[in-house]
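Heads up, the thing below is written out as structure tokens.
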Amino acid sequence: MTKFVFVTGGVVSSLGKGIAAASLAAILESRGLKVTLLKLDPYINVDPGTMSPFQHGEVFVTEDGAETDLDLGHYERFVSAKMRKSNNFTTGQIYESVIRKERRGEYLGKTVQVIPHITNEIQAFVERGAAASHDGKADVALVEIGGTVGDIESLPFLEAARQMSLRLGRNHCAFVHLTLVPFIASAGELKTKPTQHSVQKLREIGISPTALLCRADRPIPDDERAKISLFANIPQEAVISVWDADSIYKIPQMLNEQGLDRLICEELRLDPKPADLSMWQKLVKAQENPEHEITIGMVGKYVDLTESYKSLIEALRHAGMHTATRVNIEYIDSEELESGHLEVLQPLDAILVPGGFGKRGTEGKIRAIQYARENKVPYLGICLGMQLAVIEFARHVASMGDANSTEFNLDTEHPVVALITEWVDRDGKVEQRSADSDLGGTMRLGAQRVPIKTGTKASQIYGAEVNERHRHRYEVNNHYVPELEKAGMVISARTPTENLPEMMELPESMHPWFVGVQFHPEFTSTPRDGHPLFKAYVEAALAAQRQGA
């Protein structure tokens, strides 16, 4: 029977519940347990797919095509289990499900209420999500509850967790509460009162935490931990100090050294083998002892909020670990490039344009791509970054001066990028797609396996095929591919059924390393293995750096 660990947060948001949950899961997995993780989001949106990155940060796409919270990206990077749609759900999904049941008459005319109907539905979603992993045989499911204790939005989730612990009985549920211990500079001391109040608030709901993870900018002294223990009525050994670290991959060892996994295993009556964190220690050592150093320019419109590119940043770090390279990222606002200022690109060892939506800042990205192509700077374009590379090439190499995407200009003379319902096929007919087409209507989501053209950079990187995740509405227009290929572009991967361009590159006679991909490779990169595309990209930047030295 699967046992549950609920991870809650108090005082303020953004303390790192996702990292804490993923780190604990990584330790438990190293002890031989089968683990999975779930994220419960208290907002009313059905999913984060239509939310602004400024509001929510990155949207992480699972293998089965779910648009989910960015914490699921942390989960996949820390444990071996692959997340699914059932690993993340929101208040919106819960209410939607309950209302559908009410309309179908499943509640037999009863008054539908938060308790028991909403809380029962939350419990059903949690147990269903846990059962979807490891063929229903997960030993432990860690359940992160979004928001902070005291928020009205989180109350039904906390109540559902309390009811689950009562229903399943002792030793089947544990609670880990993450809280803030701020340092007040004017007083020169850490303050424990917010933590005391947060635990008190949790107890009012009926939940007594098994362990407290106390976040601070420095290690918390034993006397302060003893004070928290006394007022929170928790053993001192269960008051865990979690201070700011320069790498999230140090957190598993930090928690393990203070015995968090032992406390949880004792609470759940589990007796697994000792933890083996040697892999994490090797990764941290590689990160702290690089032999090389490069600077990559990330050109985007969300650069003021790096949470929007969380998986991409981590993928570059993973590549650095596996190539003994410190990867510095220079964030460049694409709108600033529209009025010039290309001199900011000169010191860079490589340029990257990530995914995105909307017209704002696109011309600045195109200028950066043109600079990379003309100055032989290694370039990687992801999703929109590939589409803009095609537009730039069409304009400046294939003599289509007005080339654009119909996302930005519906009246463009050369729509080299368009919605899948807008394509013109080779016979001049309008290509039609519907919701029954592979991966849905106008939004392609989830993983798709694609063969790769032999003799290309793509084949050197991936081999015979690639299986990556998608999240986009627009595609390179097949009608223009022959002209683009005639001008020198190489389409190195296409979908097997619709023949959609998945990867493009320039031959070495035109550029040493210029690659665009329609998918999102950052979603499958892990610190354990890195990712072949990002490793090749970092190696290309190193080669360019050596050549220019």
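Placed from the backbone N, Cα and C atoms, the Cβ positions cover glycine too.
According to Swiss-Prot, the feature region 'Amidoligase domain' maps to 1-270.
Under DSSP, Lys227 (UTP binding site) is assigned to a helix (H, G or I) in the three-state scheme. The UTP binding site annotation in Swiss-Prot covers Ser13, Lys191, Thr192, Lys193, Pro194, Thr195, Gln196, Lys227.
DSSP assigns Lys193 (UTP binding site) to a helix in the three-state reduction. Cβ neighbours within 10 Å of Lys193 (UTP binding site), excluding its own Cβ and spanning all shown chains: 13. For Ser13, Asp151, Ile152, Glu153, Lys191, Thr192, Lys193, Pro194, Thr195, Gln196, Lys227, the entry in Swiss-Prot reads CTP binding site, with the evidence type sequence analysis.
Within the same chain, the residues at least 6 positions away from Gly16 (ATP binding site) whose Cβ sits under 8 Å from its Cβ are Leu178, Arg215, Val242, listed in sequence order. Annotated ATP binding site per Swiss-Prot: Ser14, Leu15, Gly16, Lys17, Gly18, Ile19, Asp71, in sequence order.
Just so you know, the Cβ of Asp71 (ATP binding site) picks up 26 other Cβ atoms within 10 Å once every protein chain is counted. In three-state terms derived from DSSP, Asp71 (ATP binding site) belongs to a helical segment. Residues or ranges marked as Mg(2+) binding site by Swiss-Prot: Asp71, Glu144.
Per Swiss-Prot, the feature domain 'Glutamine amidotransferase type-1' maps to 295-547.
Secondary structure at Glu407 (L-glutamine binding site), taken from DSSP and collapsed to helix, strand or coil, is coil. Sequence annotations record features per position, and here Swiss-Prot assigns L-glutamine binding site to Gly356, Leu384, Gly385, Met386, Gln387, Glu407, Arg473.
Taken from Swiss-Prot, the feature active site, nucleophile covers Cys383, and the record attributes it to sequence analysis. Look at Cys383 (active site, nucleophile): DSSP puts it in coil. Listed in sequence order, Pro354, Gly355, Gly356, Arg471, His472, Val517, Gln518, Phe519, His520 are the same-chain residues at least 6 apart in sequence whose CB falls under 8 Å from the CB of Cys383 (active site, nucleophile).
The annotation active site is assigned in Swiss-Prot to His520 (among others). According to its DSSP assignment, His520 (active site) is in a strand.
Its Cβ placed at the centre, Glu522 (active site) has 28 other Cβ atoms within 10 Å. Per Swiss-Prot, the feature active site maps to Glu522 (among others); the stated evidence is sequence analysis.
Neighbour counts were taken as the number of other C-beta atoms within 10 angstroms of each residue's C-beta; across the binding-site residues Gly18, Pro194, Gly356, the minimum falls on Pro194. Listed binding-site residues: Lys17, Lys191, Lys227; maximum Cβ neighbour count within 10 Å falls on Lys17. Rounded to a whole number, the distance between the Cα atoms of Ile152 (CTP binding site) and Lys191 (UTP binding site) is 25 Å. For Met386 (L-glutamine binding site), the nearest neighbour among the binding-site residues Leu15, Thr195, Gln196, judged by Cα separation, is Leu15.
Confidence annotation: the region 'Amidoligase domain' (1-270) carries a mean pLDDT of 94 in the model. Ser13 (UTP binding site) counts 12 other C-beta atoms within 10 Å of its own C-beta, drawing on all protein chains shown. Looking only at the binding-site residues Thr195, Leu384, Gly385, Gln387, Arg473, the one with its C-alpha closest to Ile19 (ATP binding site) is Thr195.
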